[in-house]
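Taken verbatim from TrEMBL:
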- TYR109, LYS111, TYR128, ASP135, ASP317: alpha-D-glucoside binding site (BINDING)
- 207-251: compositional bias 'Basic and acidic residues' (COMPBIAS)
- 352-377: compositional bias 'Basic and acidic residues' (COMPBIAS)
- 378-391: compositional bias 'Acidic residues' (COMPBIAS)
- 392-406: compositional bias 'Basic and acidic residues' (COMPBIAS)
- CYS105-CYS137: disulfide bond (DISULFID)
- 207-259: region 'Disordered' (REGION)
- 347-406: region 'Disordered' (REGION)
- 1-19: signal peptide (SIGNAL)
Amino acid sequence: MMWCKTVIVLLATIGFISAEVYLKENFDNENWEDTWIYSKHPGKEFGKFVLTPGTFYNDAEADKGIQTSQDARFYAASRKFDGFSNEDKPLVVQFSVKHEQNIDCGGGYVKLFDCSLDQTDMHGESPYEIMFGPDICGPGTKKVHVIFSYKGKNHLISKDIRCKDDVYTHFYTLIVSPDNTYEVLIDNEKVESGNLEDDWDFLAPKKIKDPTATKPEDWDDRATIPDPDDKKPEDWDKPEHIPDPDATKPEDWDDEMDGEWEPPMIDNPEFKGEWQPKQLDNPNYKGAWEHPEIANPEYVPDDKLYLRKEICTLGFDLWQVKSGTIFDNVLITDDVELAAKAAAEVKNTQAGEKKMKEAQDEVQRKKDEEEAKKASDKDDEDEDDDDEEKDDESKQDKDQSEHDEL
């Protein structure tokens, strides 16, 4: 019995030791810029990140993150860490996003790079391994990007994953597993999952249409055919428009000056349109012809689609029209449970944010009401002053009139 307990403890210890945290960044240090590098890529007008919990929060210290601070700017900052490969183990990418400015257009995603990235020159065309996170621009674009690089080309997910578009904190989690499956979670709830081969166009299709196959000449794919015995009625053909029988030539019409008068045309109530024979079920109908498929000789399976041979930099490479997004709780690990535990705190965070924001909104509402009342009172006072001025002017006119009479 003691031997069993020892084995269980040993296995648990081995499992604990094997879990890796490659990057954990909660921005809980005022010196965060010591480990993050801003890009200096030429030709871009870059904005600065500032450390703040925002204007409403649950915990002023714990909720601090880096916030975009200038409108209509590019943002490019990255952090390097010890390089790793996710071979034969899960890859978990997780971070939180808070669009407290009620974002209209801008990115909220992260990019993972290999060790070749020049951080001081990071820009939109810099090759990356993974791009993941929300992107919003107007009512038409509210999606979660999941993009993988494969053989030098970026591949977008074929599914549409909707992101959150409110002003509160949300956790975004991507899990990529060694069996070539994936999951996308928002606030610890799965919103999409599947197989890498099925949901990205990494590989050529398994099957293609047989290039040697053609539809047989005698294949009849008409579901119905015209009734050969149906004949067009003799009185069918009528003009679409006829002269208005109720129209009369105006009395002042001069044939020599105005030309020969013609009545206006109106729709013919007896017009039936082009005649078509009745349709009958086609006795020779074989259905729609389907092009036969064959195995694609260019298809090559790859059981390592999930594999990232080297990851050692995470970067924010964004454009935002309206600034104010706060990024926090960055985590890259192979420990799915650790990520889930970290994201579980989001409910408490959101509750605190909503409570503070509602209080702030109520204060602002009362302030707006007071200002509106003051403005209304001032308008009333101005009207009273105008009335008094009019009374004074009227009295002066009366006095002047009486004086003139004297």
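From the backbone N, Cα and C atoms, a Cβ is placed for every residue, glycine too.
Unlike curated entries, TrEMBL annotations are predicted automatically.
Non-local neighbours of the compositional bias 'Basic and acidic residues' (207-251) in the same chain are 261-268, 270-272, 275-282, 284-289, 291-296, 299; each lies 6+ residues outside the stretch with a CB under 8 Å from one of its CB atoms. The alpha-D-glucoside site in the record is lined by TYR109, LYS111, TYR128, ASP135, ASP317, and its two most distant CA atoms lie 17 Å apart. Cβ contacts within 10 Å of ASP135 (alpha-D-glucoside binding site), excluding its own Cβ and spanning all protein chains shown: 18. Here TYR109 (alpha-D-glucoside binding site) comes close to MET131, PHE132, GLY133, PRO134, ASP135, HIS145, LEU318: these same-chain residues lie at least six apart in sequence, with C-beta atoms under 8 angstroms from its C-beta. Counting residue by residue with DSSP, the region 'Disordered' (207-259) contains 4 helix, 9 strand, 40 coil.
Long-range Cβ neighbours of TYR128 (alpha-D-glucoside binding site) (same chain, at least 6 residues apart, Cβ-Cβ under 8 Å): LYS111, LEU112, PHE113, SER149, ASN154, GLY315. According to DSSP, the secondary structure content of the compositional bias 'Basic and acidic residues' (352-377) in residues is 26 helix, 0 strand, 0 coil. Of the chain residues outside the alpha-D-glucoside site list TYR109, LYS111, TYR128, ASP135, ASP317, GLY107, VAL110, MET131, PHE132, GLY133, HIS145, ILE147, GLY315, PHE316, LEU318 have their Cβ within 8 Å of the site's Cβ mean position. Separation of the C-alpha atoms of CYS105 (disulfide bond) and ASP317 (alpha-D-glucoside binding site): 15 Å, rounded to the nearest whole number.
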